[in-house]
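Database features, via TrEMBL:
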type	residues	note
DOMAIN	41-289	domain 'G-protein coupled receptors family 1 profile'
TRANSMEM	25-48	transmembrane segment
TRANSMEM	60-82	transmembrane segment
TRANSMEM	102-120	transmembrane segment
TRANSMEM	141-164	transmembrane segment
TRANSMEM	204-225	transmembrane segment
TRANSMEM	237-259	transmembrane segment
TRANSMEM	271-291	transmembrane segment
Amino acid sequence: MQRNNFTEVTEFIFLGFSSFGKHQITLFVVFLTIYILTLAGNIIIVTITHIDHHLHTPMYFFLSMLASSETVYTLVIVPRMLSSLIFYNLPISLAGCATQMFFFVTLATNNCFLLTAMGYDRYVAICDPLRYTIIMSKGMCALLVCGSLGTGLVMAVLHVPAMFHLSFCGTVVEHFFCDIYPVMKLSCVDTTVNEIINYGVSSFVILVPIGLIFISYVLIVSSILKIVSAEGQKKAFATCASHLTVVIVHYGCASIAYLKPKSESSVEKDLLLSVTYTIITPLLNPVVYSLRNKEVKDALCRVVGRNTS
């Protein structure tokens, strides 16, 4: 690849929400509020699951790992996005862009496979409750968490070096962070290999977890339907409702964003989708798991009551 034929690009500028003009201040206030709520919600979940011994179970261990991952995930993207809404044309170096993309791919993949691990946990709890504590041992939980993070690191190593080996002739990224396709569009050279890598990684990271979660829930539903009492069925479904809600939103947005044909892409739609999975979804996790989960609410009351007494 002959990089010398092109003017060397050393930094990028995010186009972000510049088309919104005077409404950018409003967006800043809205996004900042959501970001603060997201950080507070995830920190509360991590703290509560650590302090309250009633939540020292595999399900809440995975939830605390997801909350931790979501916290770092938003830290990688949102502060920079908020800065660009106030200070226009803020540059980011090539190294900074590569670093942001590396953490984005790693953590996004990690989140996908943590949700899969949580689905497996619900499957074992409902379909094989007598062996639950044996199967979901501390070693198994640690293995699933390490496997999720390891998969994220592998995907990032496949993606990012190949991306930043390209030559770039554009400097304006039509996005608010260094996402894969908006950066790839700035390349001066053929990106066929990168597009194949992108589609392959995206398909693996989205379709494999979706397939595993789907199988888990087919088995879960078949087990629940065998429960004689309506109350027992309702209780079993309730243990899965929070996870299923998050899964549908998370994978729905990710599938539309990364598996749709390139011809259907538009800057406005991509920005809207990106806001959903970088800002809205991380807030959804603590909201769903705290407001819809009696155990978390009870644990929060115990901790607050203990501190005020």
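Placed from the backbone N, Cα and C atoms, the Cβ positions cover glycine too.
TrEMBL labels come from automatic prediction, so no person has curated them.
Here the transmembrane segment (102-120) has Cβ contacts under 8 Å with residues 59, 62-63, 65-66, 69-70, 72-73, 76-77, 144-145, 147-149, 151-153, 155-156, 159-160, 177-180, 201, 205-206, 208-209, 212-213, 216-217, 243, 246-247, 250-251, 254, 277 of the same chain, all six or more residues outside its ends.
Here the transmembrane segment (60-82) touches the transmembrane segment (271-291). Their Cβ atoms form 3 or more pairs under 8 Å, with each pair 6 or more residues apart.
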